[in-house]
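Below is one structure; the comments refer to it alone.
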Amino acid sequence: MKIAVLSRNRHLYSTRRLVEEGINRGHEVKVIDCLHCSMNITSADPKIHYHEEVLEDFDVVIPRIGASVTFYGTAVLRQFEMMGVFPVNESVAITRSRDKLRSLQLLARKGVGMPVTGFANKPDNVPELLKMVGGAPVVIKLLQGTQGIGVVLAETRKAAESVIEAFMGLKADILVQEFIKEAGGADIRCFVIGDKVIAAMKRQGAEGEFRSNLHRGGTASLVRITPEERRTAITAAKAMGLNVAGVDLLRSSRGPLVMEVNSSPGLEGIENATGKNVAGMIINWTEKNYKPWKTKTRGRG
């Protein structure tokens with residue numbers, strides 16, 4: 001197969017590993033920076049130009065699109081789909097998962113467990129919003145935040161009101177969620193490929209830090225997940241329409257709660273924590289499921 005990896009940096013661990021595993025299995029692999037692509041959008045003969053070269057004859061595209069370039073990156077991915085190239089994760093599924101509010105609404109529709117979450121637009125609604133999620137402490141999240149940036153733990157009602165009003169004053173869209181104290185600053189990253197959880201790790205936040213993101217100094221370790229956690233992760237990935245996903249769960253007194261479904265999960269943490277060849281598993285799944293023009297939208301909403 002001829003595989004395109006959409007990534008802005010060929011030296012990133014995840015990109016390197018996908019290239020290595022693709023080449024090891026006899027495939028031709030090319031790393032493409034989506035921001036350097038231009039598109040000829042026609043119904044008869046859609047094309048993508050890259051550094052004055054026309055990209056042709058690709059069988060598969062593996063998107064590794066960062067949150068900051070979601071709009072243009074998914075536009076390029078859609079163009080590949082228009083050309084009949086099989087996407088490991090389709091453009092619609094990625095945009096679903098990148099919209100925190102939309103993704104939570106889709107998960108709620110499927111009956112997936114989540115922290116109680118509130119959303120409002122006006123400062124007048126703040127008292128009702130806090131009451132809705134059970135009062136302080138609460139977690140306040142920017143809808144556009146990634147890697148733990150734009151996430152605040154407000155331990156008192158007064159602090160919560162101040163933070164929410166400040167964000168609203170900046171015209172920022174936010175979610176307010178109940179704080180799951182029993183999680184102890186840890187979460188579970190379940191790596192889903194197809195309809196299976198192929199690896200899982202526990203991420204523990206640094207001392208005094210409630211966010212468990214590895215980018216925020218958290219640590220990762222191998223973990224055994226329960227059948228309920230496995231089912232929840234698979235259901236969450238399917239709700240987004242994602243073939244490859246990192247599903248972040250919190251362990252709570254009422255069962256697993258989904259925090260986020262990541263459409264471009266990093267490979268370094270999960271491979272180091274579990275010792276599994278996750279990149280190879282992605283290529284293996286692609287080999288088994290690839291078909292030309294197999295670009296029909298999965299999932300609904």
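Glycine too: its Cβ is placed from the backbone N, Cα and C atoms.
As annotated by Swiss-Prot, domain 'ATP-grasp' applies to 104-287, with the evidence given as sequence analysis.
According to Swiss-Prot, the ATP binding site annotation covers Lys141, Glu178, Phe179, Asp187, Arg211, Ser212, Asn213. When Cβ atoms from all protein chains are considered, those within 10 Å of Lys141 (ATP binding site) total 21, not counting its own.
According to its DSSP assignment, Asp248 (Mn(2+) 1 binding site) is in a strand. Residues or ranges marked as Mn(2+) 1 binding site in Swiss-Prot (evidence: sequence analysis): Asp248, Glu260.
With a cut-off of 8 Å between CB atoms and residues at least 6 apart in sequence, the same chain places Lys100, Ser103, Val247, Asp248 near Glu260 (Mn(2+) 1 binding site), listed in sequence order. The DSSP secondary structure for Glu260 (Mn(2+) 1 binding site) is strand. As annotated by Swiss-Prot, Mg(2+) 1 binding site applies to Asp248, Glu260.
Annotated Mn(2+) 2 binding site per Swiss-Prot: Glu260, Asn262, in sequence order, evidence recorded as sequence analysis. Contacts of Asn262 (Mn(2+) 2 binding site) defined by a Cβ separation under 8 A and a same-chain sequence distance of 6+ are given as Ser97, Ala245, Gly246, Val247, Asp248, in order along the sequence.
The Mg(2+) 2 binding site feature in Swiss-Prot is assigned to Glu260, Asn262.
Looking only at the binding-site residues Glu178, Asp187, Asp248, the densest Cβ neighbourhood within 10 Å occurs at Asp187. In the three-state DSSP scheme, Phe179 (ATP binding site) is classed as coil. All protein chains considered, the CB of Phe179 (ATP binding site) has 18 other CB atoms within 10 Å.
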